[in-house]
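One structure below.
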Amino acid sequence: MTRYIFVTGGVVSSLGKGIASASLAAILEARGLKVTILKLDPYINVDPGTMSPFQHGEVFVTEDGAETDLDLGHYERFIRTKMTQGNNFTTGRVYEHVLRKERRGDYLGGTVQVIPHITDEIKRRVYEGGDGFDVALVEIGGTVGDIESLPFLEATRQIRSEKGANQAIFMHLTLVPYIKTAGETKTKPTQHSVKELRSIGIQPDILICRSEVELEESERRKIALFTNVEERAVVPLQDADTIYRIPLMLHEHGLDDIICDKLRIEADEVDLAEWVRVLDAKLNPLKSVNIAMVGKYMELLDAYKSLNEALIHAGIQGRVKVNIDYIDSEDIEHHGTERLAGKDAILVPGGFGERGVEGKIATARYARENGVPYLGICLGMQVAVIEYARHVAGWADANSTEFTHDTQHPVVGLITEWVNAEGKIELRDAASDLGGTMRLGGQVCHLKPGTRAHEAYGLDEITERHRHRFEVNNQFVEALESAGLVISGKSADHSLVEMIELPEHPWYVACQFHPEFTSTPRDGHPLFSGFVNAALAYKAARARAQQS
């Protein structure tokens, strides 16, 4: 029998519902429970796949190819359960499904309404997502009071009514602001936020109170009194120096015991040893490296959320502090590569569109010519191939058809056919819709023995997640290999280039997939660990050269 914990947010957005949900899930998992997390997004888009990174941040890709909210990345980094298509759905997807049923005549000519048809579809998806788990946390996007969230809140209210208080509870995350000029915290916003929830029939069972400073017992009592929440269930959550401390903080405040009591769960004693190790390694590094990340969405670093975390994870595995210098590729394009000087390694991440691409190409060239460790991901691999084709193979006009068709050497082109993870052939062309038409999800890659890629993974075959519609053009592969480029990874049917590297370079590796999506703080990822180790080696070699 699945228990449900519905997580809502109030006062302001971006309070960290995703981190709080993931942290609670990590504690419950550490008590021997099988846990999953769902994210319900109120926007009308079917999924975030076509949304601007500046608006939405990163699009996280699941193993089964879903383009989802970045919070699902947090979920996978905190718990062992892998997310799927069913772990994230939007208002747009719900309405799309209901309208499709209406067109088929499934409602027998009835009037289709928000209640019961939309709410019933939301409930169906929640029940389906939680099936087979001991506990399902359900995070509702947005802030209480938003008109877009109302159908989701109504559906969860109905689930609570159907399941009862011992099988479904509400956890509300609020902000308790600290007014520095007055030297005190204010509980009134929390009171009003709970009042808003209660006005639609939801009484929260637990309050997580975010605050810049530690909450006094008197303030917790006051919040409990005015919100009708049990005092011990008013859980303070002070700002932390790292998100990987949050599971330990919530456990210290007894949140998991409160949950188990309210849901009548008999669970094992908690074992958070892995999180203690992660936190110790994060806070007590023995070495440091400086890595330049050259991208095109630097105004919103959430666009690279999983990538940032993957570098931190690699640092945790080796007790290395990874300092990231975020550089806009347009700055490189317009002002040159001076900002790359002195860096221990360079990373070029994915992206879409022509803007800033020449800056990325210049970055790849700088790393190649100066022997600086380089990791290219998705577009980062494509620009490495373009750069190599232009300056080593001698094709000055080499480019990608994503950016121009005016080239004799389109070394990167649109994928028109590939074999998906289920062994089926998928076809695309330039007229295909943008949404949901990329090569998505986990794909098998065969690694070439004796390469740095094979050395990093220690495997002949790997599975990594993809999100792209352009790929290295096979017409030019043989000529590129003759010019010295090594194809170190190929797709399951050996038809697509998945990884490239330069054998004479200290560490120059690029991949078409997104390894950051499978990195976790407890396990890291072999490719990022190899990259950080290469940065350490380069830094040490440079120091020796300066001393001699």
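In case you wondered, yes, glycine gets a Cβ from its N, Cα and C as well.
Residues or ranges marked as region 'Amidoligase domain' in Swiss-Prot: 1-265.
When other Cβ atoms within 10 Å of the Cβ of S13 (UTP binding site) are tallied across all protein chains shown, the result is 12. According to Swiss-Prot, the UTP binding site annotation covers S13, K186, T187, K188, P189, T190, Q191, K222.
What Swiss-Prot records for S13, D146, I147, E148, K186, T187, K188, P189, T190, Q191, K222 is CTP binding site. In three-state terms derived from DSSP, P189 (UTP binding site) belongs to a helical segment. Long-range Cβ contacts of P189 (UTP binding site) within its own chain (separation 6+, distance under 8 Å): G10, V11, T174, L175, V176, P177.
Residues annotated as ATP binding site in Swiss-Prot: S14, L15, G16, K17, G18, I19, D71. In the shown protein chains, 26 other C-beta atoms lie within 10 A of the C-beta of D71 (ATP binding site).
The Mg(2+) binding site annotation in Swiss-Prot covers D71, E139 and rests on sequence analysis. Annotation note: D71 (ATP binding site) sits in a helical segment as assigned by DSSP.
Annotated domain 'Glutamine amidotransferase type-1' per Swiss-Prot: 290-541, in sequence order, evidence recorded as sequence analysis. Confidence over the domain 'Glutamine amidotransferase type-1' (290-541), given as mean pLDDT on the 0 to 100 scale, stands at 91.
Swiss-Prot lists G351, L379, G380, M381, Q382, E402, R469 with the feature L-glutamine binding site, giving sequence analysis as the kind of evidence.
The active site feature in Swiss-Prot is assigned to H514 (among others). Here the Cβ of H514 (active site) has 24 other Cβ atoms within 10 Å, regardless of which shown protein chain they belong to.
Residues annotated as active site in Swiss-Prot: E516 (among others). In the three-state DSSP scheme, E516 (active site) is classed as helix.
Between the C-alpha atoms of L379 (L-glutamine binding site) and G18 (ATP binding site), the distance comes to 28 Å. Take the Cα of K222 (UTP binding site) and measure to each of the recorded positions K17, G351, H514: the nearest one is K17.
When the binding-site residues G351, M381, Q382 are ranked by how far their Cα is from the Cα of T190 (UTP binding site), G351 comes first.
Secondary structure from DSSP puts S14 (ATP binding site) in coil. For the pair D71 (ATP binding site) and E402 (L-glutamine binding site), the C-alpha distance works out to 29 angstrom.
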